[in-house]
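Peer 1: Look at TrEMBL and you will find 1-28 tagged as signal peptide. Taken from TrEMBL, the feature transmembrane segment applies to 44-69, 81-102, 122-143, 254-274, 286-305, 326-345.
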Amino acid sequence: MSKLQFYPNRILTISSLLILFQPLLVSSLCICETQHKDQNASQAVTYKLVAIASILISSAIGVCLPLLLKNVPSLRPEKAIYFLIKAFAAGVILATGFLHILPDAYDSLKSPCLSENPWGGFPFTGFIAMMAAILTLMMEAFATGYHRRSELRKAQPVNGDEESDGGHAGHVHGSAFVLERSNSSDLIRHRVVSQVLELGIVVHSVIIGISLGASESPKTIKPLVAALSFHQFFEGMGLGGCISQAKYKIKATIIMVLFFSLTTPTGIAVGLGISKIYDENSPTALIVQGVLNSASAGILIYMALVDLLATDFMNPKMQSNVRLQLGAYATLLLGAASMSVLAKWGGV
């Protein structure tokens, strides 16, 4: 095993800091007028409590579904239907980045509440998303490369032992090692993918949770309850599929499932607690939300295109089966369409 380990606890630490410190960063005084005129605090609290329960349940079901179904013989990774499910999940994640998160980031960093210099003179949203995607690539390449180099160092023969058993035996042993090393490298890549994907999703979930929790407008909150519930369900399916491939131990799997399921409800609870001081139009709030959303969008778009779609669509099984390709295209478009409808319906 490689000395380089990836722990779900690190994601928990990073995102917990985001949850704790973002309210402090975004509670500064606002220079723009507040636009909410239909405030009803008591009714809004009722909707928020419903949102916490609904989003918690839908998130848990979505992320657990792929984990529970992986033991079904027809849904194993080598089966065609597994490729279709992953294509649907990738479409959901891709549309989330392009249609839900990136527009929010543009709105935040192009807000009239921000000064023209520097925010109006440079496309910060696209730049931050691009850099987040590049950094994700660098991190994945470093992690998998480090692991493979470690495995190669372990495999080097000592005192000519490789030749002592004869050529044929050495060939068999070498082939077995190559297969084991390949499987190990794939496993570490799946673990990196699942953790980076969860981090990208969690960053956005913190923001939308706090924004919903801080709102005191029932007309704003009511349509978001159902929309966010479906949103989290579909995202959970995509994340659950990646966690399933990573083959974590039960403890790590539970941590990642709970972490995803609880992030948005926790954000809503935090927003509820700071609703009297939080102002979404303050410059600090807009900058923090815009930067985090831009980075989250870059991560999710990269993950969907490179780690999910490119990997599966370049798979020999996919390329040798035209019907499977067409089915994967259809489910990919269906996943993207489902999130497109939510973008139009709920504005999330």
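Just so you know, glycine gets a Cβ as well, placed from its N, Cα and C.
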Peer 1: Rank 81-102, 122-143, 326-345 by Cβ pairs under 8 Å to the transmembrane segment (286-305) and hand me the top one.
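Peer 2: Between the stretches 81-102, 122-143, 326-345, 122-143 has the largest tally.
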Peer 1: Residues of the same chain, at least six outside the transmembrane segment (81-102), with any C-beta under 8 angstroms of its C-beta?
Peer 2: 66, 74-75, 125, 129, 197, 201, 204, 231, 234-235, 237-238, 241, 293-294, 296-301, 303-305, 308-309, 312, 315, 317-318, 324, 327-329, 331-340, 342-343, 348
